[in-house]
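Here is what Swiss-Prot records for this protein:
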BINDING   Gly73, Leu78, Val124, Glu125, Arg139  S-adenosyl-L-methionine binding site
Amino acid sequence: MRNTLDNLLNAAGIVISDKQKNLLIQYVDMLNKWNKAYNLTSVRDPQQMLVRHIMDSIVVEPHLHGQRFIDVGTGPGLPGIPLAIVRPDSHFTLLDSLGKRVRFLRQVQHELQLENITPVQSRVEEFPAEPPFDGVISRAFASLHDMISWCNHLPARPAGRFYALKGVLPEDELSSLPQGVSLDQVIRLSVPDLEGERHLVVLKPN
């Protein structure tokens, strides 16, 4: 698995330490092991997890600004845990409403000794942002409209941002953004060995 990860990182032009590579592989091992009992992801093959979960998460890292982030609807920790591994100087709150997912996140935190994550079981609209976050991240969580509606209290103003990971660019969602936000930028992402388009939509709270 290490060779596969090395090849993917090289193809993406991402440089991380051996320790970070080992942590990413440990995380995939744990996800694969827990997935058999808890059904945390539809991806069953660890090699595919490297592409569709690890690489698909960490290609976002250069585009994040700030130090405090919240990953809403994180599921088994995506993209929050891979981002926390490759960005150790930032802190990531990992929010999910399902207990089994949060139990997994806490086990990952313990086994990988990740001091820069905080797993939280809560519905996003009930979670207090005190203080507000530099970035609100979502991946496969909701439409842009719902994300803004549920998470509007979370980002700092005016500097905070919403970061939504999307596949094909959702033109219809972008044309019907709710009041209170505006489009900051759209970044086309390149994920080695992943078919289909990937985009990062960055929204700015007004």
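Placement of Cβ uses the backbone N, Cα and C atoms for every residue, glycine included.
Since we're looking at a predicted model, the values are computed, not measured.
Swiss-Prot feature annotations superimposed on the structure.
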residue : record                               : DSSP (3 states)
Gly73   : S-adenosyl-L-methionine binding site : coil
Leu78   : S-adenosyl-L-methionine binding site : coil
Val124  : S-adenosyl-L-methionine binding site : helix
Arg139  : S-adenosyl-L-methionine binding site : strand
Per residue, counting other C-beta atoms within 10 angstroms of the C-beta, which of the binding-site residues Gly73, Leu78, Val124, Glu125, Arg139 reaches the highest number?
Leu78
Give me the largest Cα to Cα distance among Gly73, Leu78, Val124, Glu125, Arg139, the residues the record lists as binding S-adenosyl-L-methionine, in Å as a whole number.
19
